[in-house]
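A.B. asks: So Swiss-Prot lists the following for this protein:
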- Asp31, Phe32, Glu33, Tyr34, Asp35, Ser80, Leu81, Glu110, Arg133, Glu167, Lys279, Lys303: NAD(+) binding site (BINDING)
- Lys112: active site, N6-AMP-lysine intermediate (ACT_SITE)
- Cys397, Cys400, Cys415, Cys420: Zn(2+) binding site (BINDING)
- 584-654: domain 'BRCT' (DOMAIN)
Amino acid sequence: MAKVAQIRAIVEQLKRYDYHYYVLDDPLVSDFEYDQLYKQLQALEQAHPELIQPDSPTQRVGGIVVEAFNKFPHQNPMLSLDNAFDTATIASFIANINNLTGVQNRFVVEPKIDGVSISLTYENGLLTRALTRGDGLVGEDVLSNVKTIKSIPLTIPFHKQVEIRGEIFVDKKTFAQINENLAKPFANARNLAAGTLRNLNSEVSAKRKLKAFFYFVPNALTLGCRSQSAVLAQLKQWNFPVSKAVASFDRPEALIEYLEQFDQTRDQLNFQVDGLVVKLDNFHFYDQLGFTSKFPRWALAYKFKPKFVQTKLRGVLVTVGRTGKINYTAQLDPVNLEGTVVSAATLHNFDYIKEKDIRLNDTVIIYKAGEIIPKVLEVCLPLRTAANQPIPEQTHCPACQAPLVQYKDEVDQYCTNERCDQRNLEAINYFVSKTAMDIQGLSIQTISKLYENNLVRSVVDLYHLKEHKAAVLALELKIGEVLFNKLISSIEQSKTKGMARLLTGLGIKHVGQVLAKSLTKHFENIDALQSASMETLLELPDVGPTVAESLFNWFHNDNNLQLLAALKAVGVQMDALKSNTNFDTASIYFQKSFVITGSFPISRDTIKNLLVNKYDCRFTNNVTSKVDFVLAGIKATPRKLEQAKALNIPIINEPIWT
């Protein structure tokens, strides 16, 4: 008992030091004193491993390497916020809420950190899961990396399940230090944070000193918190890092003044922000205000006015996209813009270049449109010389040299050669992307290599790639047996993605992810959409004449119909997936946790999809006391079976997914 008490006391002391150092930025002891106490704890734990505490600072150390991150559905969807680009919109937002609720409300203003959103789950006081935002419905569990962030508590004094959300980021100073030592620097701090958080080796995360701020608790009423201010106070009490730049206001005029002042001083912060979030403080009115189809009505993001910087335009890169559209991109002298090193900016199309009279070697003003894509705003004409020559118009496709066309009422030029190699490559790359069929393991470089070697010349060829294993392994792609099998598994899994993702991946002009999902509400499958008349298409709420014509023409093109037939022949499902709210809740498998081991007649990914749709299950790679069932196939891992037996976890040997 004496050793337990000694270890517990050291853990609490180190946690206190960590909180003051990483959260309050107020060190209590020197690094030497901290290290000595840490080494004392390590020695005690090595001598008594059975006494290691789950919240011990030694449990944060990186070095865990995982093959992949497991995906899990969010308990509550992680929605985006609607944006306001001026203070008048914010004032209107506040007035509308006050009118609807009938009272003068308090509003909380929080910095919108330019980082990576994270959702932490604590069970019985212990941090058990850390999900990225993902698509808002499903995220990746990056717990092994999050545990290396020393400002995040591993335990909290609350013994029910609770979800806590925040933002993980890299501060400006750390970003500059890390980039100094990289052969290929990160373009911005957000990319560095995202890449670090998704690195499969947690040792990388431990070295990069990620930071975090927390600001939201879904279902906060279960904590007894009746306002956002109370949530932030509770988070501070639990030693979570909360931004000092949070403020609250009873008067709209004072809030607006704060927004304007913050915009002028934000560069003084040591972290990148891309706006401020204005939230209604009182939770009592949240249900009354509700949500739009995309956003909560009780919060709004105020986006800062774009900043402008000056640089030299050294050249123009002309490329062709999957639809044949020609893109003009300015090649710039590198310049820092809003925390990002920018060396390229969009010029849109040649009409834009002519309208702005942009020339080679001009000094130009660039800015970030919506804080995302750099654009060329204008030319600094007083700095122009006679040596600045006009940019020539592209008349032929830069990839296949086919003549370009410009359609009536459009400003863009197009390559109409359907056999253009670059167009086909971009089309395949888009088809496998996360927003479309989500086939993992295929970069544009890999696709290009497969294309050059006649292994993948169209999206249909992806589904025959398993027949060319030897040829793929022979290429210099750094793809071995294990990665090849994972790639094939991901390709096979994509067959079940359904109509919306397939429609997105086909790259039909004017049909993106949102419209594709909308079409599945009106047509039960691709065949029904293919049979739709122009009149039927024009009756749809999200379809105008241009989109209707594009859809109708695509589905009446012989080449496209042959493509659909070939995809159907290899087993790609073309029905609209219905969201399953009719789980088998009476089953013993409903919402249980599974480990899958061994081989089966169908892929593990397919099994997981079937079990999720039927029982709303969860999955993990390791057998622990938190696992409910082990699903064992042929040649199941003996160690996992032994662990299951030791923990009295049922082992299933039958196809429960059918």
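Cβ atoms here come from the backbone N, Cα and C positions, even for glycine.
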A.B. asks: If you compare CA-to-CA distances from Cys420 (Zn(2+) binding site) to each of the recorded positions Glu33, Leu81, Lys112, Arg133, Lys279, which comes out shortest?
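C.D. replies: Nearest listed residue in space: Arg133.
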A.B. asks: Using all protein chains shown, find which of the binding-site residues Cys400, Cys415 scores highest when you count other CB atoms within 10 A of its CB.
C.D. replies: Cys415
A.B. asks: C-alpha of Cys415 (Zn(2+) binding site) to C-alpha of Lys112 (active site, N6-AMP-lysine intermediate): distance in Å?
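C.D. replies: Cα to Cα, Cys415 (Zn(2+) binding site) and Lys112 (active site, N6-AMP-lysine intermediate) are separated by 41 Å.
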A.B. asks: Between the recorded positions Lys112, Arg133, Lys279, whose Cβ has more other Cβ atoms within 10 Å than any of the rest?
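C.D. replies: That would be Lys279, with the highest Cβ count within 10 Å.
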A.B. asks: Please report how many Å separate the Cα atom of Cys400 (Zn(2+) binding site) from that of Glu33 (NAD(+) binding site), as a whole number.
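C.D. replies: Roughly 67 Å, rounded to the nearest whole number.
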A.B. asks: In the structure shown, which of the binding-site residues Leu81, Cys397, Cys420 has the fewest other Cβ atoms within 10 Å?
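C.D. replies: So among Leu81, Cys397, Cys420, the binding-site residues given, the one with the fewest Cβ atoms within 10 Å is Leu81.
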A.B. asks: Based on DSSP, name the secondary structure state of Cys397 (Zn(2+) binding site): helix, strand or coil.
C.D. replies: coil
A.B. asks: Please list, in sequence order, every residue of the chain apart from Cys397, Cys400, Cys415, Cys420 whose Cβ lies within 8 Å of the Cβ centroid of the Zn(2+) site.
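C.D. replies: Counting only non-site residues, the set is Val320, Gly324, His396, Pro398, Ala399, Gln401, Ala402, Thr416, Asn417, Asp421, Gln422, Arg423.
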A.B. asks: Just to be sure I understand the packing, how many Cβ atoms besides its own are within 10 Å of the Cβ of Glu33 (NAD(+) binding site)?
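C.D. replies: So the Cβ neighbour count for Glu33 (NAD(+) binding site) comes to 12.
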A.B. asks: Rounded to an integer, what is the Cα-Cα distance in Å between Leu81 (NAD(+) binding site) and Lys112 (active site, N6-AMP-lysine intermediate)?
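C.D. replies: Answer for this pair: 11 Å between alpha carbons.
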